[in-house]
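The following features are taken from TrEMBL:
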type	residues	note
BINDING	Lys45, Gly52, Arg53, Gly54, Glu92, Pro95, Glu100	ATP binding site
BINDING	Asn192, Asp206	Mg(2+) binding site
BINDING	Asn257, Gly319, Ile320, Thr321	substrate binding site
DOMAIN	9-231	domain 'ATP-grasp'
Amino acid sequence: MDLFEYQARDLFAKHGVPVLAGEVIDTPEAAREATERLGGKSVVKAQVKVGGRGKAGGVKLAATPDEAVARATDILGMDIKGHTVHKVMIAETAPEILEEYYVSYLLDRTNRTFLAMASVAGGMDIEEVAATTPEKLAKVPVNANEGVSIEKAREIVALAQFPAEVAEKVAEVLVTLWKTFVAEDALLVEVNPLAKVASGEVIALDGKVSLDENAEFRQPSHEELVDKAAANPLEAAAKEKGLNYVKLDGEVGIIGNGAGLVMSTLDVVAYAGENHGGVKPANFLDIGGGASAAVMANGLEIILGDPDVKSVFVNVFGGITACDEVANGIVQALQLLKDKGEEVTKPLVVRLDGNNAELGRKILSDANHPLVQRVDTMDGAADKAAELAAAAK
């Protein structure tokens with residue numbers, strides 16, 4: 001889960017990373033009050049989860065409270081790379097900035113370790129630094145069991161060739177930033193720029209944080225960081241029901257058991273759709289190992305609530321959960337939805353294979369639901385679902 005800048009700033013402050021004061025607001029008039037509390041001048045910063053805010057006009061200086069109102073008026077509602085600005089941060093203006101640095105920690109999936117990165121060339125796109133002047137970006141693996149002590153931090157600082165007068169202060173920030181990374185179960189913590197100011201101090205002026213959603217069970221406070229306004233309502237509803245659902249931009253709803261099978265189903269439907277006007281999968285939905293009537297009803301309710309969906313492909317390979325259980329779940333789910341006043345009106349194509357497949361197919365045939373079509377091969381079922389979706393477009 002990526003955080004807004006103001007949320008990253010709050011986490012940094014919580015753990016002792018030096019930051020400037022700031023408030024998040026969502027109306028222009030609130031910008032006036034916040035700027036007054038900051039001494040009469042501020043930086044008005046668009047809060048969107050994308051880079052390039054400054055170049056897009058999403059970061060503006062305000063010399064007076066009235067100017068802050070004008071800046072906030074301009075920025076609120078702005079579109080930055082497809083992201084609408086709903087909030088701005090009214091930040092304290094930085095003291096005179098002498099130099100800008102870069103520091104971060106991230107999960108290095110390729111090498112199965114954590115990685116510290118540091119550079120004296122901060123304040124710009126770090127990917128550009130890595131591509132054009134890689135010698136300016138120090139990359140140091142971090143042993144999870146050892147962490148980052150002050151000695152380790154000094155090693156990172158030395159490799160990045162920080163000036164002697166700030167080396168110890170940057171090392172201290174690296175130690176604190178590592179504590180933030182671990183304590184918050186983050187996948188990325190990044191400060192860019194870490195600014196050296198006239199007083200000789202270093203301050204985090206901007207930052208990024210990405211949190212591991214798999215750690216939510218031990219991070220209850222992270223629920224408060226979810227951007228519910230920007231969340232897809234179908235994904236939010238699925239999460240409440242305990243379903244693993246991702247909205248896509250197609251027309252064929254997908255339900256499967258097991259992430260691997262669902263991913264394969266997406267591919268097969270996309271391929272079949274090329275023969276039917278280019279229809280595509282509408283979602284990823286993995287119901288896992290259990291396909292009870294309640295689980296199937298929840299899954300169908302989510303998918304059928306998507307107006308883009310024109311047909312549904314239920315693709316199940318019976319294992320621990322046998323196909324007869326799945327078939328009964330489908331039949332009962334359709335009845336449950338009907339009883340709730342949500343009768344299904346879109347065609348379902350069902351493919352069952354594996355444990356008790358024949359019995360499951362018989363259950364579907366005997367139920368004889370007018371909108372359920374049984375197809376016994378994956379390719380055939382994908383083609384039928386794509387055909388039905390294309391016909392309904």
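Yeah, the Cβs are placed from backbone N, Cα and C, and that goes for glycine too.
Known features from TrEMBL, placed on the structure.
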| residue | record | Cβ contacts under 8 Å, 6 or more apart |
| --- | --- | --- |
| Lys45 | ATP binding site | Glu5, Arg53, Gly58, Val59, Val88, Met89, Ile90, Ala91 |
| Gly54 | ATP binding site | none |
| Pro95 | ATP binding site | Val197, Ala198, Ser199 |
| Glu100 | ATP binding site | Gly122, Gly123, Pro193, Leu194, Ala195, Lys196, Leu205 |
| Asn192 | Mg(2+) binding site | Tyr102, Val103, Ser104, Gly122, Gly123, Ile126, Asp206, Gly207, Lys208 |
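Between the C-alpha atoms of Asn257 (substrate binding site) and Gly52 (ATP binding site), the distance comes to 40 Å. Cβ crowding, taken as the number of other Cβ atoms within 10 Å, peaks at Asp206 among the binding-site residues Glu92, Asp206.
Spacing of Ile320 (substrate binding site) relative to Gly52 (ATP binding site) is 49 Å (Cα to Cα, whole number). Pairwise Cα distances among Lys45, Gly52, Arg53, Gly54, Glu92, Pro95, Glu100, which the record gives as the binders of ATP, peak at 23 Å. Distance between Cα atoms for Glu92 (ATP binding site) and Thr321 (substrate binding site): 58 Å, as a whole number. When the Cα atoms are compared, Gly319 (substrate binding site) and Gly52 (ATP binding site) turn out to be 48 Å apart. In three-state terms derived from DSSP, Glu100 (ATP binding site) belongs to an extended strand segment. Separating the Cα atoms of Gly52 (ATP binding site) and Thr321 (substrate binding site) is a whole-number distance of 48 Å.
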